[in-house]
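Annotation source TrEMBL lists active site, nucleophile at ASP335. The active site, proton donor annotation in TrEMBL covers GLU390. Feature annotation from TrEMBL assigns domain 'Glycosyl hydrolase family 13 catalytic' to 188-554.
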Amino acid sequence: MVLKVEESTAHSLPPPTIPVRPETRTCNLRVCHSQLTLLEEAEGGFDQFTRSYKSYGVHRMPDNSLVFKEWAPAAEALFLTGDFNGWDNFSHPYAKKDFGKWELHIPPKEDKTPAVTHNSKLKVVVHTRMGERLYRISPWAKYVTRHEKSVIYDWVHWDPPQPYIHPRPQKPRSLRIYESHVGIASPEGKVASYSNFTHNVLPRIKDLGYNCIQLMAIMEHAYYASFGYQVTSFFAASSRYGTPEELKELIDVAHSLGIIVLLDVVHSHASKNTEDGLNSFDGSDSCFFHSGPRGEHSLWDSRLFNYSGWEVLRFLLSNLRWWMEEYRFDGFRFDGVTSMLYHHHGIGSGFSGDYAEYFGLHVDEDSIVYLMLANHILHTLYQDCITIAEDVSGMPTLCRPVQEGGLGFDFRLAMAIPDKWIQILKEFKDEDWNMGNIVHTMSNRRYGEKCIAYAESHDQALVGDKTLAFWLMDKDMYTNMSALIPMNSVIDRGIQLHKMMRLLTHGLGGEGYLNFMGNEFGHPEWLDFPRVGNNESYHYARRQFNLVDMDHLRYRQLYAFDRDMNRTEDKYGWLAAPPAYISAKHEGDKVIVFERANVIFIFNFHPTNSYSNYRVAVGPPGKYKIKLDSDEIHYGGHGRLDHNTEFFTEPMEFSNLPNSMLVSKLYYLLP
């Protein structure tokens, strides 16, 4: 239940007086400043440096001549081949320049048109010092495709006659994120398209009240089942969903709906692919990566970047700028930050919160400085840019400004929350739920470092795990989700807890909220991409939005609650408010009460007990009314509360707050 004050004679509770004392990283800060100074001296500043995508790769000049530029320090020679020269491996050699760079100029044809036409295929031919001849895709390739029966991608020259240009909206007050994957965004068993997402999914996201989309698996990845986390072409939007222009249209339409779009960016590692990836581009085991064991991730079977390398910084920082400028993304969710922060990559490390875990020789200073540079540059160039870190370790100052010695992220993912919900559902009976432990997990974050809370993300939907809905209702979802028949006890319990767990996470867990597509309506089953182990089936690599469109199924009820939960937050803004004041976490009653943004949240998790005239603590005095009720019939509830009821405060101190009121009815979980 959510109560909102209607008439009040006092202001909201002041924010906590906890002083913000970020642990400064003076050494890292000095190195960061030193790098910025070097960029100014050697490259004319970071603005010019991060626009290197305008000079590397291939570019058409005003006279339609073409300039090709690559960095391949270990190569003996470079040639360009492709459709334009009949795949001649020697007719177009690059000229060797300083610092491992190579350039090639191709004049226009006699009719003054470019020698390499739009949508034609290319390859870089690399001659190594060992006498090998390697065929490579430019690391700066902006579009790559593959034939249906091929496993190797081809570099396609993308130079459309009319580039797509569109504006960017302002940063929202509260962040409500819809985590999305374009390829699975359809009930059909196939790879869905950018256009499908634009025309069929964006309207749903808007209706649900989400104001931000986090797009996964956009950076090109040869292996679809990697979920986009084994990137092969960093500057190319995945062609399996459509063209670059169709992705730009998707983002443009999202912006027109007032929805910002974040890219799930993978700079923590890269695919080991050689023919269509970065690995061994110049024939060496280093180039963009550390050589030897330091350049290998043992669990992910991938390559690790050398963040101290000048050209690696150019590549990665320009990559961020490319997505911001060319596609008009509004920011990034940085994947695998824990792996970047530590030389051990978090493998076999349990993080207790002891500060010795965050400072020492096991911390990768090069990675930290790279992240500081990335955040400093992004936030300097784009005032409303949003950056989110996926870090499970709890690194201090991760979300403090760079000038304070922090890493500069705006948010971190509250990754302990979904793990807690799964643990509770797997290990505890309803009557054994520990209210204090749940509240601690929701509120255990450093003041001044913002978190994105979520009850479940794509991680929990993957094969091998189960969504919250499937943990709660399991096989009953196949036979008992019809609203035309009475709910059995399994479905009833599952629907009520699904709503309450998400609302508690939304209200208490952070300064932003995230939901993975389809989970808002209790998407059944799990997520599994086509692979050899499932006979290349797309059956589980889809989102069954059609379930919501069927009036007689209860998925529609969960959808309605999620929508109204977001709309209620949009009205009252608790995510943008200071952390909640928790006035009750009663173990015997199984009741949690807290106040945030002048909104009172009341949860009764008891499976059998209801309460009359239950006293709850209140800050601002006045009259309160119900604004959101998970027990409403159209949310799959039982309609036991009278929404015309008015609740008046009394000047009676309770739970260290000056006022309190009696809630006439607080119903138990199941009727």
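Positions of Cβ are set from backbone N, Cα and C atoms, glycine also.
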Roughly how many angstrom lie between the C-alpha atoms of ASP335 (active site, nucleophile) and the residue listed as 'active site, proton donor'?
5
Which one, from the active-site residues ASP335, GLU390, has the smallest tally of other C-beta atoms lying within 10 Å of its C-beta?
GLU390
On the 0 to 100 pLDDT scale, where does the domain 'Glycosyl hydrolase family 13 catalytic' (188-554) sit on average?
95
